[in-house]
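Per TrEMBL, the features are:
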- 12-31: transmembrane segment (TRANSMEM)
- 43-61: transmembrane segment (TRANSMEM)
- 82-104: transmembrane segment (TRANSMEM)
- 168-186: transmembrane segment (TRANSMEM)
- 195-220: transmembrane segment (TRANSMEM)
- 240-265: transmembrane segment (TRANSMEM)
- 277-298: transmembrane segment (TRANSMEM)
- 393-415: transmembrane segment (TRANSMEM)
- 436-457: transmembrane segment (TRANSMEM)
- 463-486: transmembrane segment (TRANSMEM)
- 507-531: transmembrane segment (TRANSMEM)
- 551-575: transmembrane segment (TRANSMEM)
Amino acid sequence: MEKARPLWANPLQFVFACISYAVGLGNVWRFPYLCQMYGGGSFLVPYIIMLVVEGMPLLYLELAVGQRMRQGSIGAWRTISPYLGGVGLASVVVSFFLSTYYNIINAWAFWYLFHSFQDPLPWSVCPLNSNRTGYDEECEKASSTQYFWYRKTLNISPSIQDSGGVQWEQGLCLLLAWLVVYLCILRGTESTGKVVYFTALLPYCVLIIYLVRGLTLHGATNGLAYMFTPKLEQLANPKAWINAATQIFFSLGLGFGSLIAFASYNQPSTDCQKHAIIVSLINSSTSIFASVVTFSIYGFKATFNYESCLNKVILLLTNSFDLEDGFLTASNLEQVKGYLASAFPGKYSEVLPQIRNCSLESELATAVQGTGLSFIVYTEAIKNMAASQLWSVLYFFMLLMLGIGSMLGNTAAILTPLTDSKVISSHLPKEAISGLVCLVNCVIGLVFTMEAGNYWFDIFNDYAATLPLLLIVLVEIVAVCYVFGLRRFESDLKAMTGRTLNWYWKAMWAGVSPLLIISLFVFYLSDYILTGTLQYQAWDASQGQLVTKDYPLYALAIIGLLVASSTMCIPLVALGTFIVRCLKRGDTPPVA
């Protein structure tokens, strides 16, 4: 069996596959947001501590299990105990949900990439209204980048109840995204092993190019100063520590079964401990590196908006009070405003409602994460750069590489248990199994191309892989340490790699990491309970901004189903195994 199992061509392919999977969009759009929210440079303290006590130990555990058991997630946990087959099944279900919605991000990246070749960029200006007498009202109230995202890309409905139809342009982009993924996984490790060199390395090339460009932008230093200025009071904020642990947990892709699947194609003697440390450190370093790039561009955007605001106020006051051109500047603005308010109180009070409060600090403090950062904030910065088409093409090509790299891991978590199954693989070749998985995911993914699709995307993103993953990884640790046995696992690792398990790994697995996961689990549960009715952000075209609405009952039911469908696999499979074993024992005649 082991001889028949495909292997990575060399250990470097495996490392690149893990990096390509772990280093994803979360490093680019969630970590910078958390830095912004929780004290800039001071957020690195809880982040690094959580990397040591949670990230590296759990990553090593999953790689070691995959390499030792030589199977996908379902087979690996069933080998440890027949009652634990549900752990692997739960991982497959979560990975299936993730693959279903995650590839729509690649579809959006394709959409923006195709539009990046236009001059001017389509999100850089507002379109004319139907009478061609001015700009579109919705675009004027929002901004050109928001309008292109919410109206031209998503054509978003006013609420989740208004489903609307499938947007055929987005549907075609989704089909293209799945076709690319299928071609990458077509021949298993043979094709994936070659693709990961590209998907792992190219984003770094683009990030380095963007770093050089970002540091030369006007106002970049404002963004970097904001990022690296520590707000030490945030160290006393429990949410900063919880979010640091959550970021480490999800950015490494723990609990999905992808890492177990990748490691199952290793040579049994591979030093998975070294690989766990390397992948963890590269993943976290990439987050910090991407934040430097993001904040340099974010500083440029904030400075540009701040100076544009000042120029509008200066123009307004200059025209309203017939001031000499060039007399009013950013340096004397506040002084002149005070003089005008005292010298011409009546006229100044008329103009006052039109005077905006311009603040660089408030521009920098505007926290945006997820799709908002990638498809609104970055595009707003790019449209104001010289040679904006070039920077747009580079940026969205990088997003594609990050997204496809993560999708290779997500699909491996589904395909490896299926191809390991004798029942399925004896009837269907590997290429057909891969094709069916991609086709089913693509058809279901069309839901996210509907007018209300973005609201369903948020539901899947927020609930399909949060609580279930925490429970899965908790059961994994308990299974290795207390079902399989830590000493037995330690001896197996030594037999495989020749490396003795030191006290650090044993202390983390047996005590610290499970306690941390239980704490995260309690926090999420209490947070959901205290929040009350779950809400979402809906786009209001009349106001040109997002408004908060309550989820309808059927959406709440689907949220519950998303969480339950994966987590319930663990107890149900254990119960089913117990019943089958009892029935078998009952059917066996007693020996005389």
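Numbering starts at 1 and runs along the chain as displayed.
Yeah, the Cβs are placed from backbone N, Cα and C, and that goes for glycine too.
Here the transmembrane segment (393-415) has Cβ contacts under 8 Å with residues 17, 20-25, 27-28, 72-73, 91-92, 95-96, 98-99, 102-103, 105-106, 109-110, 112-113, 116-117, 177, 180-181, 184-185, 188, 192, 195-196, 198-200, 202-203, 206-207, 209-210, 253, 256-262, 374, 378, 382, 430, 433-434, 437-438 of the same chain, all six or more residues outside its ends. Beyond the ends of the transmembrane segment (240-265), by six or more residues, the same chain brings 5-8, 14, 17-18, 21-22, 24, 26-27, 30-31, 34, 37-39, 43, 46-47, 49-51, 54-55, 58-59, 62-67, 69-73, 76, 88, 91-92, 94-95, 98, 189, 234, 272, 279-280, 283-284, 287, 406, 409-410, 412-413, 415-417, 465, 468-470, 472-473, 476, 516, 519-520, 523 to within a C-beta distance below 8 angstroms of the stretch. Using a cut-off of 8 Å between Cβ atoms, the transmembrane segment (463-486) and the transmembrane segment (168-186) share fewer than three residue pairs, counting only pairs 6 or more apart in sequence.
Contact between the transmembrane segment (12-31) and the transmembrane segment (82-104) is not supported: fewer than 3 Cβ pairs lie under 8 Å, counting only residues 6 or more apart in sequence.
The largest share of C-beta pairs under 8 angstroms with the transmembrane segment (436-457) comes from 82-104, of the ranges 82-104, 195-220, 277-298, 507-531. Outside the transmembrane segment (277-298), and at least 6 residues removed from its termini, the chain residues within Cβ reach (under 8 Å) are 15, 18-19, 22-23, 27-28, 31-32, 35, 44, 47-48, 51, 55-56, 59-60, 204, 207, 210-211, 214-215, 217, 220, 223-224, 226-227, 247-248, 251-252, 364, 373, 377-378, 381.
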